[in-house]
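TrEMBL has this to say about the protein:
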{"type": "REGION", "residues": "1-95", "note": "region 'Domain I, interacts with DnaA modulators'"}
{"type": "DOMAIN", "residues": "151-281", "note": "domain 'AAA+ ATPase'"}
{"type": "BINDING", "residues": "Gly162, Gly164, Lys165, Thr166", "note": "ATP binding site"}
{"type": "REGION", "residues": "337-460", "note": "region 'Domain IV, binds dsDNA'"}
{"type": "DOMAIN", "residues": "368-437", "note": "domain 'Chromosomal replication initiator DnaA C-terminal'"}
Amino acid sequence: MNTLWNKVLELVAARMNPSSFDAWFSPTQQRSFQDGVLEVAVPDQYFVNWLKEHYMDVILEILRSFTQSDVRVIFTIDPNLTSRTSYEPEDLHAESTESRRAEIKESNAIQVIEEPIGLNPKYTFETYVVGGSNQLAHAASLAVAKQPSRAYNPLFIYGGVGLGKTHLMHAIGHAVKTQDTQGKVRIYYLSFERFMNELINAIRFDTMQQFREKYRNIDLLLIDDIQFIAGKERTQEEFFHTFNALYDTQKQIVISSDCPPKKIPTLEERLRSRFEWGLIVDIQPPDFETKVAILKKKAETEQIELPNDVAMFIATQIKSNIRALEGCLIKIAAHSTIVKEEITLDLAKRVLDDILDVKDPGSARSITVTLIQEVVANHYKIKVEDMRSASRLRNVAFPRQIAMFLARKLTDLSLPAIGQFFGGKDHTTIMYACQKVQAMTQEDVTLAKEVETLEQALHT
Ligand SMILES: Nc1ncnc2c1ncn2[C@@H]1O[C@H](COP(=O)(O)OP(=O)(O)OP(=O)(O)O)[C@@H](O)[C@H]1O
């Protein structure tokens, strides 16, 4: 079955030796993938621990390359899955086997939730390729890493999808950590979505005091994808206080977003002005040479033999998204391992030809929600910003619903994730739009043709 997890397994298989893969990954199965949560069943707790410890980073990285968003992985234990490992779990023998087994049995009922917390070891300044498109953002990040809270505070980095914002933030975190010989600096990297979830839980479980204390005690706060703050009043309020507390005590704040503060819809004025207190830098799409350099660096880190002509070919195929660029390289390398052929221009063309036909958000000619919004807005002669607005005027609302319908149909994103692209709309709004457009296209031939034309435009 072509499940998301099976696609992940294909790429994982290319990166490890077959017997380990057989032992640790073959007995796993996707149970569900819904609303950004991927549920994977494994035979026992030992698998959970091993996968978490050794492969979580890789799994999350591959998932991101497919979905272009953070996916949460939940492991559930299904003892009916046959383990092919011959392991002797050391920790089963270390303590009383009985008690440990009882613990494991009990944990069968528990779901272990793993999220991209902390810093990705691969995202450092050393692995970051600098070109004209990201020079300023890179220099500013270096300055902040050298002198936290004295260079620019806050540092606000913005740019399109997959252009390296997260990479730079992690690089700052790593550099600060390396300089911190006494291990005193408290660094916290998180997505804005996670901040919001923590806040919701704090409200729900009446632990606001602990929530506030935790955030007031951070020395370097790296907060990713702040654009999702749009329309979240209570979270804006709390983030405002967190920001002030950190700023007043001279703690460094680094923020990333897909647009500058003034373009974040419904952002409170007091927060907007604070985001503008420090330095705002953007990352532009990379030029051809930078794309080739990034591919070469990535190939070097992953120990992939990448001929020059292939690097140049990939760079011409991908417009700007660096994640998609890397995705192509990984797919070509995986293919070359599977078919036991060297990477050549011919092989690369065959692989890319295949994946260009796939409706896969991480792949080359990927259809993103932003692209859908642009194409639909252009067709109906409305502004792209209208896609994120709350306007109920029919000439705006209906094209917006068509864009929501196409986003659901042509991307792998969950309903809540799509909602975020439309100004933070609720998942029920997206579902309603999909059902409505679906029903209307069945009754109205002209509309059905119109939607089909839009779809074709997106595929070319
Ligand atoms: N200049 C660069 N040099 C090397 N690798 C890069 C560079 N820019 C981006 N990348 C790589 O591209 C991938 C996507 O980058 P990243 O996740 O940082 O993008 P992003 O801008 O945060 O995307 P999003 O908007 O989806 O959050 C990562 O694997 C990252 O390492």
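From the backbone N, Cα and C atoms, a Cβ is placed for every residue, glycine too.
Sequence-distant contacts of Gly162 (ATP binding site), defined as residues of its own chain at least six apart whose C-beta falls under 8 angstroms from its C-beta, comprise Gln68, Ser320, Asn321, Ile322, Arg323, Ala324. In this structure, Gly164 (ATP binding site) belongs to neither helix nor strand by DSSP; it is coil.
A sphere of 10 angstroms centred on the C-beta of Thr166 (ATP binding site) encloses 22 other C-beta atoms. Residue counts for the region 'Domain IV, binds dsDNA' (337-460) under DSSP, split into helix (H, G, I), strand (E, B) and coil, are 86 helix, 0 strand, 38 coil. Take the mean position of the Cβ atoms of Gly162, Gly164, Lys165, Thr166, the recorded ATP site; other residues of that chain with a Cβ within 8 Å of it are Gly159, Val161, Leu163, His167, Leu168, Ser256, Ile283, Ile322, Arg323. Across the region 'Domain I, interacts with DnaA modulators' (1-95), the DSSP tally of helix, strand and coil residues reads 47 helix, 18 strand, 30 coil.
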